[in-house]
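S.K.: Pasting a structure below so you can have a look.
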Amino acid sequence: MLPHPLAILSEEETNIARNVILAQHPNTVIDFREIYLSEPPKAQLLEFLALEHSGRLSPTSPRPPRLALCQYDVIGNDRIPSFEESVVDVGTRQRVQHRVVGKEHHASLTLSEFDTLVERCFASPLFQKALADFDLPEGFEVVIEPWPYGGLDYVEEKRRYFQGLCFATDKRKNNPDANFYSYPLPLIPVMDALTQEIIRVDRPATGGKGEGLTEQTFKRDIIGHCKDSDYVPELNPGGTRKDLKPLNVVQPEGPSFRITEESLVEWQKWRFRVAFNPREGATIHDVWYDGRSVLYRLSVSEMTVPYADPRPPFHRKQAFDFGDGGGGNMANNLSIGCDCLGVIKYFDAVMTGADGSAKKMPNAICLHEQDNGIGWKHSNWRTGRAVVTRHRELVVQFIITLANYEYIFAYKFDQSGGITVESRATGILNVVNIDAGKVSEYGNVVSGGVLAQNHQHIFCVRIDPAIDGPNNSVQVEESHPVPMNAVTNPNGNFYKVNTETMERAGFFDAAPELNRTVKMVNPHKKNPISQKPVGYKFIPLATQRLLADPNSIQARRAQFAQHHVWVTKYRDGELYAGGRYTLQSQEEIEGVSDAVKRGDSVVDTDVVVWSTFGITHNPRVEDWPVMPVEIFQLMIRPADFFTANPSLDVPSDKNISSRVVGNDCCRNAHI
């Protein structure tokens, strides 16, 4: 059976693409970075999907070719890598596109480059000399956490660098999971990726409020004032709680979802496909509800984490977690009963080794149902009857670990036609050393000698709507107060709802004082009851935008983070809010801001909506040593898409496994 055009590349297809690239470069060293599905041009795919949804698809129907995007370095005799991209038709085993990426761009990092950094640090006399300035207690060893270099300063030579954040770990605990972040060291070695040499060791300041940006105030006993702060249960001095009873998710008749072709999901009138790639992680495609098209594609496009400590080299501290290393590359192997509960379907991914060979990533995505409280309810006080349904959701989830931080991403589908994109931030704060007894305006002291720097986490979700078809418009709805008027508003209670259709690509920001709402509508189809165009809506999350000065490198390379909503006209391959190449970038290139600058018409056409939101994270002590989840939800809801509440037919069955607690659980309290 031929794979669906949206199915991820199989291991066999990945290896075919690899072999085609190797054949194109005989007697040359090829260092592979990524091989994954190059999604078909939208026009081709829509033709195929039309046949599929109409039931007219046959073995002889035209199909888009299976294309593999291959990213790799070609290393010649001069040992200087040339970053190149090719597209391979795995069906014909031919290379159909090829380009050499400009030297102004850097390929996303690989874990092998991080391994090299650690190895070279410990072998470097320069690093060992810097380390000799500190007296570490007996039993402590140095740990190096590799990090992207960040945005190059304008005066720096445009070479590829990596840096390491240094910590110490207490080996006397005999536990490899002991929290080394509790013991930060003020050393940051920098490696030239080409020569693989440590070219310098930056020495950040450790002072407090009122001290200079570069003042060296540390003592040789650099971690003598730091404290143990462990999070693994076996190292918790008080142990874990003993009064927590099990809470099980039980589905005795199995799940309500159905999976076919290892990518097609059907559940409660929803129909969509799940895919995965090394850049975005899990992506959602061809979303329909009850036989009607809703979305063409949904993904987490980018996120950036800029830090607010101006002391060098922290001014460069800014990660693009999807562009720099790839959200999919950093995905967890999800664990049953921990990461996901209930009756679970796992989806595997196929990734690429340094030699280009395919390797399976098991359990990259989990799919499960969950109860999220009441769906709808009404009590008729006249009859005493209450009708209530539960709000069940289908969750598509993946989790990524990026050094110290974890991010949990979930696409949630509900029975009333709603879609929620949820992100959760957890993990461990990125911390630096601070002198004993001092505080800082650049962050918060969360433990002895440990400063958690102020920073932001800014996400961008890409929404490609297909509201009853591919041609849509975007409306901005606002609710405005109206002054009292003796004729039109004599009592002052009236407010006016204004709706404007965007004419050109552009951007705007959340406005909670106006309840500013984004509506993605089909202008050719009206709701028979309201007479408004059918659509889906969301209210932009009113979170703080990027705080860095607009002229700073931080801001110039993350222009997508400067506004809450962007609206662009669709172009094939235009998927990444921060641009295709973010590693060491100095400005955003070919990102959403450039797409807006084209000034395309966005009326009754193929539009894309980008929603930016996040957290300004000024750390608190309670975030240490591991951070409770911070939750953000972008709620995409039907707006005059249906003729009534689409979940009216959800059964109001009573859950027979629920029971009342006995008197031994609930006793009278004495105050």
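Just so it is clear, glycine is given a Cβ too, placed from its N, Cα and C backbone atoms.
These came from Swiss-Prot, pasted as-is:
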type	residues	note
BINDING	319-330, 402-407	substrate binding site
ACT_SITE	Y405	active site, schiff-base intermediate with substrate
MOD_RES	Y405	2',4',5'-topaquinone
BINDING	H455, H457, H617	Cu cation binding site
BINDING	D464, D606	Mn(2+) binding site
CARBOHYD	N471	N-linked glycosylation site
S.K.: Closest to F322 (substrate binding site): which of the binding-site residues H457, D464, D606, going by Cα position?
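M.R.: Comparing Cα positions, the closest of these binding-site residues turns out to be H457.
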S.K.: Determine which residues of the same chain, besides H455, H457, H617, have their CB within 8 A of the center of the CB atoms at the recorded Cu cation site, and list them by sequence.
M.R.: V305, A425, N454, Q456, G614, I615, T616
S.K.: I want to check the contact list for Y405 (substrate binding site): same chain, sequence separation of six or more, C-beta distance under 8 angstroms. What comes out?
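M.R.: In sequence order, V305, A425, T426, G427, I428, N430 meet the Cβ cut-off.
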S.K.: Check the Cα-Cα distances from H457 (Cu cation binding site) to the binding-site residues A319, G325, G328, L402 and tell me which is shortest.
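M.R.: The smallest Cα gap between H457 (Cu cation binding site) and any of the binding-site residues is with A319.
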S.K.: Restricting to the same chain and to sequence separations of six or more, state which residues have a Cβ under 8 Å from that of H455 (Cu cation binding site).
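M.R.: Spatial neighbours, sequence-distant, of H455 (Cu cation binding site): V305, P306, Y307, A308, K317, N430, H617.
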S.K.: Could you say which of the binding-site residues A319, L402 has its Cβ with the most other Cβ atoms inside 10 Å?
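M.R.: Most Cβ neighbours within 10 Å: A319.
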S.K.: Compile a sequence-ordered list of residues in the same chain as N471 (N-linked glycosylation site), six or more apart from it, whose Cβ lies below 8 A from its Cβ; state 'none' when nothing qualifies.
M.R.: N522, H524, D604, T605, D606
S.K.: Using CB atoms and a 10 A radius, I'd like the single residue among the binding-site residues D464, D606 with the highest neighbour count.
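M.R.: Of the binding-site residues D464, D606, the most buried by Cβ count within 10 Å is D464.
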S.K.: Who sits close to G325 (substrate binding site): which same-chain residues at least 6 apart have their Cβ under 8 Å from its Cβ?
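M.R.: Those within reach of G325 (substrate binding site), by Cβ under 8 Å and sequence separation of 6 or more, are S108, L109, P148, L402.
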S.K.: Which number gives the other C-beta atoms within 10 angstroms of the C-beta of H457 (Cu cation binding site), all protein chains shown included?
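M.R.: The Cβ of H457 (Cu cation binding site) has 22 Cβ neighbours within 10 Å.
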S.K.: Would you mind reading off the Cα separation of A319 (substrate binding site) from D464 (Mn(2+) binding site), to the nearest angstrom?
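M.R.: The separation of the Cα atoms works out to 25 Å.
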S.K.: Counting other Cβ atoms within 10 Å of each residue's Cβ, which of the binding-site residues F322, G328, H617 comes out lowest?
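M.R.: Output over binding-site residues F322, G328, H617: least Cβ neighbours within 10 Å is H617.
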S.K.: Cα distance, D464 (Mn(2+) binding site) to G328 (substrate binding site), nearest Å?
M.R.: 20
